[in-house]
Each structure stands twice: as C-alpha cells, then as structure tokens.
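Quick look at what Swiss-Prot lists:
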- 1-30: transit peptide (TRANSIT)
- S31: phosphoserine (MOD_RES)
- S52: phosphoserine (MOD_RES)
- 159-404: domain 'Histidine kinase' (DOMAIN)
- K192: N6-acetyllysine (MOD_RES)
- K233: N6-acetyllysine (MOD_RES)
- N279: Mg(2+) binding site (BINDING)
- N279, D315, T334, T335, H364, G367, L370: ATP binding site (BINDING)
- V328, D330, F333, G367: K(+) binding site (BINDING)
- S356: phosphoserine (MOD_RES)
- S360: phosphoserine (MOD_RES)
Amino acid sequence: MILTSVLGSGPRSWSSLWPLLGSSLSLRARSTSATDTHHVELARERSKTVTSFYNQSAIDVAAEKPSVRLTPTMMLYSGRSQDGSHLLKSGRYLQQELPVRIAHRIKGFRSLPFIIGCNPTILHVHELYIRAFQKLTDFPPIKDQADEAQYCQLVRQLLDDHKDVVTLLAEGLRESRKHIQDEKLVRYFLDKTLTSRLGIRMLATHHLALHEDKPDFVGIICTRLSPKKIIEKWVDFARRLCEHKYGNAPRVRINGHVAARFPFIPMPLDYILPELLKNAMRATMESHLDTPYNVPDVVITIANNDIDLIIRISDRGGGIAHKDLDRVMDYHFTTAEASTQDPRINPLFGHLDMHSGGQSGPMHGFGFGLPTSRAYAEYLGGSLQLQSLQGIGTDVYLRLRHIDGREESFRI
C-alpha cells in the first residue's frame, strides 16, 4: 500500500502529514475496487474537516486544560431550586467542561499512527469529535433559561450523533488491524476514548434528566437503587437473546443481599450487566450443546457493604482455556485473535453497544464487550475480574464503589 511504504505505521506529525493524504489516496485509488474507491473518496472528504481544524488554536488551548470531574455526591446534593437556577449552574458547567473533554479526545486521535488515523471509519469518528467541539464552542454563553433550553437541544443532538462511536471504533480498528504494530498504544487510546465517552454521556444525560421529575431520581442518580431489580431486568433481556439464538436459555438464580437499596447511578450497570450475563449464558449453552434443554443455572450473588457493591456471576460453561485467560480482557481486533473460538473473545452473536439512557443498541461482534466493561468499572473506581475453573465454569466479579460510602467515591 502506498501509505504504508511512504509513511509506515508508526506515529508521525499529523500536521505535516495531512497534506499528503489527498495525493496518497489518489495513487491508491488507481488500484482499488469500486468499493475501495468509494472509501477513499469518503476519506478525502472527511480529511478536509480534520485538516481545516487540525491546527485550530482553540482545540490546542482546550486540550491543555484539565477536566473538572465531579463526584456523584456533588451531583446528588447540588439540589433542585424552584427558580431553575440549578439548571443554569449545571448547563454552565457543561458548557465549560464538554469542549475540554472533547479536545482531549481529539488529541488522542492525533496520537494514533497515521496509517490507522487515515482509515475512513476512524476518520469519521475523529470528524465527529471535531464537529462537536466546533458546535459546543460556537454556542453563546448561557445567560437565562431560554439559552439553557437551546443548549439542551444541542446536547441531545450530539448524544444522538455519537451513539454509534463504539461500533465505529471497533469497525475501524478491525479494518486497520494489519497496520497495528503497537497494540498497547491502541488499547490505551481505546480505554481513554471509551471511558471519556462514558463520562461525557453521564454528565450530559444527567443534565437533561434534571428537567424531569422522576420518583427516586435526581438526574441520572437513583436514590434507592435495587441491584436485584436491575439485574432481573437485564436477565430477562439476555435470556430472550439466548433463546432466540439457541432455542433455550439457562435459568438465573439471584442470592445474597437481595433486599439492598442505596443511591447509585444505574447507567454503568446498564452498560456492563447485559454483557456479562450474555457471556455467561452463551458459554453455558455452548458447553451443553448435547443437552440444550437441560443446562445448569447461572447463579448471581449480590454483596453490599459500606464501601462497595460486588456482583458475582457464576456460570458452568466450561471455563476459559488457560491460553486465553490472559487475553480475555484485551480488545481483540487482530487477525490472529479473530480466529479464536473462545466465546468471550470471538462471540457468535456479538457484543452490546449500549447507548445513552441504558437502552441496548445493535449487537456487534468485535470482541469489545469485556474489555469495555473492564474499562468502565475501573473508571468508576471499581474492577472487573474473572476466576476460571477450567472444565467447570467461570466466576466474574464486578466491584463498583458506592457513591455515599465510607471512602471517597469515584469522579465522573
């Protein structure tokens, strides 16, 4: 490939290399199929946006600012005001904070090896962030409730524009997998991009939800969350998927602190739980293909204390092979990794791309489910760990720190 031979696959100076993109892609287009030519044209068009804003001083200045992360307690006790001043305060915080966080992600896209950044799908996501930065910084300062209402419309639009970013990143990296030489660099990029996206969506959705008067909720924070109820919701969802795929699904038993209730943010659980449950059910069904209507139960244990919430999901799906155990929490997008048959690494019916509001989007099979869940848990001050009993099954431990516990909570 022309770009590979000229530019290589290592990091380069994007500001000096972007002018080469048009001519390089033109040469490449001569030897590609009609589909590839279409992709080249898309890349050329999208590069115009990236090129025109690449040296924009506003992005550079914002990227040097630190983000101001809030604790859920700050969000919970910021209070409601009769005159709506809490909405103005929240909106002004977002107006200051979102451009900074988005500028950080644009800087992250610049750090990618040039040949990966030229991928049309990756370029499209890069462009989405630049356009979002432009729209947010073009919005005038929020002075009154009318301004805040218009700002909410912009935030809703941007949330919708970015709803497929996880899927697009997975597609782009799989398309670019032969150019990935430093997987640690790409994994760091993904961890930062995906967790930043989660934080942005949580803050934005929280602000929008402050306009609603929903029982037991302050914004996106549920003041009396029941782990058992949210688990049951996603058990029903995962069982329907499993029944559609295999004709049956394991039963699920929930034990432990089933009566626990406490303030918490459901959104991370809405992202993580479907993935873990789907994996457990799939592993169970795949390891009992000879007896699909007589499979072991999946057992979920809830442990609640004054520091954190622990959810253990135990399946009898045969466990994870020793050779795969060290890699199961990694993002899988290379050719060699795509050939594995382990359910958690190369799923037959994909991984969930969860959108804002806790609704499940389309399924995608790029091996992003577990590593994304792990990154989310760590971002929220917790962890996601697996214990495999090869030949028996797997226990998955999800720990999430309380927002009102004895120790300091996480920051969003």
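From the backbone N, Cα and C atoms, a Cβ is placed for every residue, glycine too.
Positions of the features from Swiss-Prot, shown on the structure.
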residue	record	Cβ neighbours (10 Å)
K192	N6-acetyllysine	17
K233	N6-acetyllysine	16
N279	Mg(2+) binding site	25
D315	ATP binding site	29
V328	K(+) binding site	22
D330	K(+) binding site	16
G367	ATP binding site	27
L370	ATP binding site	24
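The average pLDDT computed over the domain 'Histidine kinase' (159-404) stands at 87.
The Cα of N279 (Mg(2+) binding site) lies closest to that of L370, out of the recorded positions K192, K233, D330, G367, L370. Within the set of recorded positions K192, K233, V328, D330, the entry lying nearest in space to D315 (ATP binding site) is V328 (CA atoms).
Ranked by Cα separation from K233 (N6-acetyllysine), the binding-site residues V328, D330, G367, L370 are led by L370. L370 (ATP binding site) sits 8 Å from D330 (K(+) binding site), taking the C-alpha atoms as the reference points.
Separation of the C-alpha atoms of K192 (N6-acetyllysine) and V328 (K(+) binding site): 19 Å, rounded to the nearest whole number. V328 (K(+) binding site) falls within neither a helix nor a strand when secondary structure is assigned with DSSP, and so counts as coil. DSSP assigns G367 (ATP binding site) to coil, not to a helix or a strand.
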